[in-house]
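Peer 1: Please see the structure below; I have some questions.
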Amino acid sequence: MAKSVPAIFLDRDGTINVDHGYVHEIDAFEFIDGVIDAMRELKKMGYALVVVTNQSGIARGKFTEAQFETLTEWMDWSLADRDVDLDGIYYCPHHPQGSIEEFRQVCDCRKPHPGMLISARDFLHIDMAASYMVGDKLEDMQAAAAANVGTKVLVRTGKPVTAEAENAADWVLNSLADLPSAIKKQQK
């Protein structure tokens, strides 16, 4: 049995990059200040980095799965060029009211459902209790709770934070950039 590892689960839009709405082109992808350094530091601290992102724009016909994959590959390489290696990238292309029939469905992977986190747990042998979920929406916190992630972290870099999302979170930080120091402070 492989040894389990702690992970940082990361929402993408509004957590890693500025959420301009249905971001699917390299020109529109803008890393949030400080997140690359934070991700590098989290890797040094021994955490696996796993992106878990709802991409309903695919189901809604805003962009294709191929366009999403091209952007994801670019993001992955951009991070690798800065010494940040992602351990996994999971995405949900579905939406119950999608205009693209192939992706119009109720699924287990779309947050707030925990499917992407459970898949990552099983494939990467993740210690969920020692892990963190970082996102900007209530659905991120709900998915983390359903997957038994130890610490739910809401960030203020995406959509306006709701009281409901704050109540569902264990921590509320201004940005992913603040997470390494927050974890170190907690571990003292």
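In case you wondered, yes, glycine gets a Cβ from its N, Cα and C as well.
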Peer 1: Among Lys43, Lys137, Lys152, which is the one Swiss-Prot gives for the substrate site where Asp11, Arg12, Asp13, Asp19, His20, Gly21, Tyr22, Thr53, Asn54, Gln55, Ser56, Arg110, Lys111 also bind?
Peer 2: Lys137
Peer 1: Sequence order is fine: just name those binding-site residues in Asp13, His94, Asp136 with a Cα within 10 angstroms of Tyr22 (substrate binding site).
Peer 2: Asp13
Peer 1: Want to know which recorded positions, from Asp11, Asp13, His94, Arg110, Lys137, are within 10 Å of Ser56 (substrate binding site) at Cα; which are they?
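Peer 2: Within 10 Å of Ser56 (substrate binding site): His94, Arg110.
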Peer 1: Rounded to a whole number, how many Å is the Cα of Lys137 (Mg(2+) binding site) away from the Cα of Cys107 (Zn(2+) binding site)?
Peer 2: 19
Peer 1: Just to verify: the residue among Cys92, Cys107, Cys109 with the fewest other Cβ atoms within 10 Å, which of the binding-site residues is it?
Peer 2: Cys107
Peer 1: Could you work out which of the recorded positions (His20, His94, Arg110, Lys137) has its C-beta surrounded by the smallest number of other C-beta atoms within 10 A?
Peer 2: His20
Peer 1: Of Asp11, His20, Asn54, Asp136, which binding-site residues are close to Cys109 (Zn(2+) binding site), meaning a Cα within 10 Å of its Cα?
Peer 2: Asn54
